[in-house]
Amino acid sequence: MSVNNTISIIQYNINRYICPILLIFGIIGCLLNILLFSRKQFRTISCCTYFLSASIPMMVLVFIGYVPYSYAAYHPNPQNKNPLFCKLRGYMGQSFQLMYRWIMTIACIDRYMVSSTNLYLRKFSNPRIAYSIVIKIIILSIILPLHNLIFLNVGIGWCLYSKASYAFYHSLFTFILIGFLPIMIMIICTFLIHDNLRLKRIRRRDYYHYQDDHLTSRLLSTRDNQVLLMLFIQVIFYIISTIPWMIVLLYAPYAYNIKNKSIDRLMIEIFIGYLTELNVYLYPTLSFYIYTLTSKTFRRELFTIIYTLLTRRNHSQNEFTSSMMNIRIERGNRLLQLDNIHNFPSTEIDEGKEHIAQYTHLCRFSELCRNKKIEPHLIYFPHKVPECPQLEESLHRAEFLHSNLPKYLVPCIYQQDCRMKNKVGHRIKYSHGEDIPLSLLI
């Protein structure tokens with residue numbers, strides 16, 4: 001069997017069996033990314049804003065990448081027959097690659113800023129700035145690849161650039177903006193984030209060693225290691241899926257000028273380009289599964305969504321509310337084991353609802369709880385005082401919650417030299433280094 005026939009059979013089987021599977025996994029993964037990163041708790045995190053924004057072009061790229069090849073298993077590939085389809089697929093493929101790759105690159109920069117000890121840098125890590133950057137990336141990604149609509153065309157049965165100079169420009173453009181620069185920025189950010197986390201660990205170790213709180217230090221260090229591991233795996237997988245394609249891009253202008261190629265060599269070059277293109281689509285296809293494997297928070301949110309969907313499907317809304325009530329009641333019963341320190345009854349519970357109706361259990365959300373009216377919830381009785389006489393005392397403010405007032409006083413920059421420390425309105429807001437009796441701290 002000739003090389004040409006062997007390559008054709010392998011490519012046919014890949015198009016028929018592997019591409020549809022990757023298409024299904026990619027679409028489902030991108031949809032779950034969008035569903036998870038659009039949840040309320042992630043909307044205030046700038047890094048999740050970038051991940052959400054990148055998931056949309058990744059899903060489009062998975063579709064326009066795998067669908068033509070899956071179609072080509074049963075029909076002639078429209079990319080090599082229709083000039084308009086050739087131009088549009090080349091343009092859209094490069095445009096959406098620019099979008100998601102640079103959004104992910106900026107996400108790495110954002111994580112560096114979050115981990116920085118520089119307050120000025122951390123200010124840039126907020127969702128409002130993230131949305132404005134995403135909009136600018138989208139606009140540039142629409143404009144920059146317009147050359148594909150002009151120079152791409154169908155020739156000798158393939159979708160190619162009409163001249164060698166156009167192919168060289170495209171290879172250089174793609175290599176720098178889609179391949180080299182994003183990878184280098186990601187690698188640099190990874191090392192910078194590692195340094196920032198190392199400095200934080202040193203400071204945290206010294207602080208908690210002084211406070212004799214080694215458990216908190218270990219927990220925070222574990223969280224930092226998880227963040228670094230997640231970033232490291234993402235960058236490594238991104239590089240693996242991009243490097244072979246970059247090599248082909250560098251080789252393409254050189255190969256374009258070679259005359260009198262044999263059929264076997266031409267088919268091998270086309271097949272290698274085909275494989276590296278499929279390899280490029282692996283990152284958007286498997287991004288969801290990478291996040292799931294490397295992030296404990298991501299897995300927890302995924303299980304929460306699955307549980308909610310299954311519960312809504314199998315029960316009516318009233319049954320769902322009742323089950324959640326029972327779960328909270330069971331939680332309240334388990335918490336009763338700790339009630340001795342608060343002088344609350346700590347007996348064995350047989351009837352949870354009757355027990356909650358008879359005894360008082362403090363809700364951790366106190367009067368801010370949203371479930372007080374829809375279920376027999378853990379009850380909190382606020383200490384109602386018409387006019388509290390201790391609003392100026394720092395320890396009292398930290399111990400009790402007062403309406404429309406923060407729990408902590410802000411240290412006044414003038415301390416004992418402040419000229420306004422005798423004014424009640426000022427003392428309610430600021431502290432001036434008052435002495436706290438030792439008996440209150442024991």
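Every residue, even glycine, has its Cβ placed from backbone N, Cα and C.
What TrEMBL says about a protein is an automatic prediction, not a curated fact.
The model shown is predicted, which means the values in this text are computed figures rather than measured ones.
The following features are taken from TrEMBL:
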type     : residues : note
TRANSMEM : 14-37    : transmembrane segment
DOMAIN   : 29-291   : domain 'G-protein coupled receptors family 1 profile'
TRANSMEM : 49-69    : transmembrane segment
TRANSMEM : 99-121   : transmembrane segment
TRANSMEM : 133-156  : transmembrane segment
TRANSMEM : 168-193  : transmembrane segment
TRANSMEM : 227-251  : transmembrane segment
TRANSMEM : 271-291  : transmembrane segment
Legend entry - Contact call for the transmembrane segment (49-69) and the transmembrane segment (168-193): at least 3 Cβ pairs under 8 Å, seq gap 6+: no
Legend entry - Residues of the parent chain within Cβ reach of the transmembrane segment (271-291), under 8 Å, 6 or more residues beyond its termini: 7, 10-11, 14, 19, 22, 25-26, 28-30, 32-33, 51, 55, 58-59, 61-62, 65-66, 69, 97, 100, 230, 233-234, 237-238, 241-242, 244-245, 247-248, 252, 298
Legend entry - Tertiary contacts of the transmembrane segment (133-156), as residues 6+ beyond its ends and Cβ separation under 8 Å: 49-50, 53, 57, 80-83, 86-88, 90-91, 94-96, 98-99, 102-103, 106, 162-163, 166, 169-170, 173, 177
Inset, instruction - For the transmembrane segment (99-121), find every same-chain residue at least 6 residues outside the stretch whose CB is under 8 Å from a CB in it, and list them. - result: 46-47, 50-51, 53-54, 57-58, 61, 130, 133-134, 137-138, 141, 178, 181-182, 185-186, 189-190, 192-193, 196-197, 199-200, 227, 231, 234-235, 238, 284
